[in-house]
Amino acid sequence: FAEGPLLDGLYWGKWYNNKTFTFQHNSSYIYYENLLLGVAQIRQLKVHLNSCSIHPYFRAALEGCYSEYHYGAEDRTDFGPGDAPEWKYSSASSLWHWGSVALYRGGGYKFYLARSKQESLRKLEFLRENSWLTRGTRVVFIDFSTYNANVNLFCIIRLVVEFPATGGALTSSHIYSVKLLRYITYYDYFLASCEISFGLLTCMFLTQEAVKIITLKKKYFRIAWNWLDLLLLLVSILAIAFNIYRTVKVSLLVEELLSDPQTYPDFYFLAFCQVLYNTTVAVTLFLAWIKILKYINFNQTMALLSCTLSRCAKGIFGFSIIFFIVFFAYAQLGYLVFGSQVEEFSTFQNCIFTQFRMVLGDFKFETIEAANRVLGPFYFITFVFFVFFILLSMFLAIINNAYSAVKAEFDVMPSQEFQIKDFFR
């Protein structure tokens, strides 16, 4: 893969009519529009020999073993011919990576590809001939970054190949398209003014909540909506902090990262900051939309819904304990019975999500039936009967009972619309 599709994808030297062309500074433009920043980096992590124990029965037949990857088993010794950097362990220089099999450190044995396809091919052939990848290799990262000036977006790409202790290979890819250079066009400056306005509104919101806490004291924390306001305020402050931190980091690091075209510019940290900021903004907007519910209880219909949910909250919470006891019991049963044969039950976490899919009808019964012809049907039928038909119906019964009680109370009350102005005091 590295000597073929990877190099063909990184180095574009021909136009659509198969004519050869070259860009200035020997640069590579992926899909003719995406500038490859610097060069690509290939990094591996290994575990050392005899990092696991062999049973006495098999010690005569096996020369050694390599465990799963973890911090204590990581191999950091030099190997291979020569003193080139790819044969020496480099300390952590990037963020840790959470893979499908393990959590990997940011260090490892790494090397950079060259600016030309031919030099990169010769280097990869040399590493293959000298066994750069060994039995102890547990993961290989291929990192590179591109920039598209047409849309002003950086694209940080990480291709991952994990080699679990059981053998084989697990591949995954992580692609982050982020806008690191933010303030270029007039629209960008308009967004900057919106961000400043958001910061001022957050300061006003903070002052308002502080005054309410001083005035109401302990009574402030007895109102559920106030907890939502505090959470929204906290997330808003985090969004502003992340925005300032990301902007400062980009202005300080981008020029430094692009200074040497012969090395790999590690934009992964900046992409992580951008993703973290986007996540914080998403949570802020979500809470802001939820807060709207506080101000729409100005008519009888919305008040009826709000009172119903408040009335049945304790009942639902109490019955949820029973529900999840049964739910987790079935998850444990599925994990122990089908975990070694069915991928959907391979971990306890997968079992939980699989059972939620079963409730929604998104599940193939044939997989567990093939794994165990006796317990498979028994597990499926009893789970659907107890969880879907009985326990979930109890939730509806609790809500319906609360709704009937609240509706009866509202019917004897004078028919009068609530005034929205009361909710803005």
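Placement of Cβ uses the backbone N, Cα and C atoms for every residue, glycine included.
What TrEMBL records for this protein:
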type: DOMAIN; residues: 1-181; note: domain 'Polycystin'
type: DISULFID; residues: Cys52-Cys65; note: disulfide bond
type: DOMAIN; residues: 182-406; note: domain 'Polycystin cation channel PKD1/PKD2'
type: TRANSMEM; residues: 186-206; note: transmembrane segment
type: TRANSMEM; residues: 227-247; note: transmembrane segment
type: TRANSMEM; residues: 267-290; note: transmembrane segment
type: TRANSMEM; residues: 316-338; note: transmembrane segment
type: TRANSMEM; residues: 378-399; note: transmembrane segment
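Each of the disulfide-bonded residues Cys52, Cys65 was scored by how many other Cβ atoms lie within 10 Å of its Cβ, and the smallest score goes to Cys52.
Recorded stretches compared: 267-290, 316-338, 378-399; the one with the most Cβ pairs under 8 Å to the transmembrane segment (227-247) is 267-290. Following the DSSP three-state reduction, the secondary structure of Cys52 (disulfide bond) is coil. When pLDDT is averaged over the domain 'Polycystin cation channel PKD1/PKD2' (182-406), the result is 89.
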